[in-house]
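Taking it in order: structure first as structure tokens, then the write-up.
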Ligand code: IPD
């Protein structure tokens, strides 16, 4: 309700790590609400959340039960109302993971287990997730996000990664403005792969559970196991596709969430 109401109102926008890294009072309001509700129910649990981290809270993942929260993923879309109904999400990872879309009409869910259980992730009113499974890059629809850095060296690498996939005859490379939303599109079979440098653990945590429960692969851009704090990811419907994407990419260094 808070997000829906704020969508049509004037917003107070500030910047964080770069001029393209935006935050509004609604991001703070939603994060505070989610944390205070969860804290009432689970007083001993820990929290990692985007705006708390921006205010200096450390992102340290321990063995203790931890909720990882992005109050609005796609804040730039939210600020520009692009497009009003669908291009933002609220992402909560924990005992159960939820990703709610901007219009709150569609929600993806998954449960945190040691071993992901295929077929249990759901999107929109109980609809089973169904990942696409093309075998090679040609004909694949690939999603990515730009990340917050805009210095010439980073932009050159970002564009050259896109170019490599287009040279490999991918059908398209799309940037929709929300990492979590893009990962949900992958989980729902609307795209074949996703990669990004410069996203954060709160963009990725809940979506990783949902993609894995849909039978998909989430890995590091080096081709190794996913490291939630490493600010980079490749995800795909199949291991084969994820490896092909990882092999095509040049690394863009964004540091680690747990070292900021
Ligand atoms: C960002 C968005 C953006 C992506 C960044 C994310 P925010 O999240 O998903 O598309 O490029 O890497 O951090 O700031 O809107 O929550």
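For all residues, glycine too, the Cβ spot is worked out from N, Cα and C.
All TrEMBL annotations are machine predictions without curation.
Sequence-distant neighbours of residue 50 (Mg(2+) binding site) (same chain, 6+ residues apart, CB-CB distance under 8 A): 27, 31, 69, 70, 71, 200, 202. Per TrEMBL, Mg(2+) binding site is recorded for 50, 70, 72, 73, 203.
The most crowded of the binding-site residues listed here (70, 73, 203) is 70, judged by how many other CB atoms sit within 10 Å of its own CB.
In three-state terms derived from DSSP, residue 70 (Mg(2+) binding site) belongs to an extended strand segment.
Those residues of the chain, other than 50, 70, 72, 73, 203, with a C-beta within 8 angstroms of the mean position of the Mg(2+) site C-beta atoms are 27, 69, 71, 74, 75, 89, 90, 91, 178, 179, 180, 200, 202.
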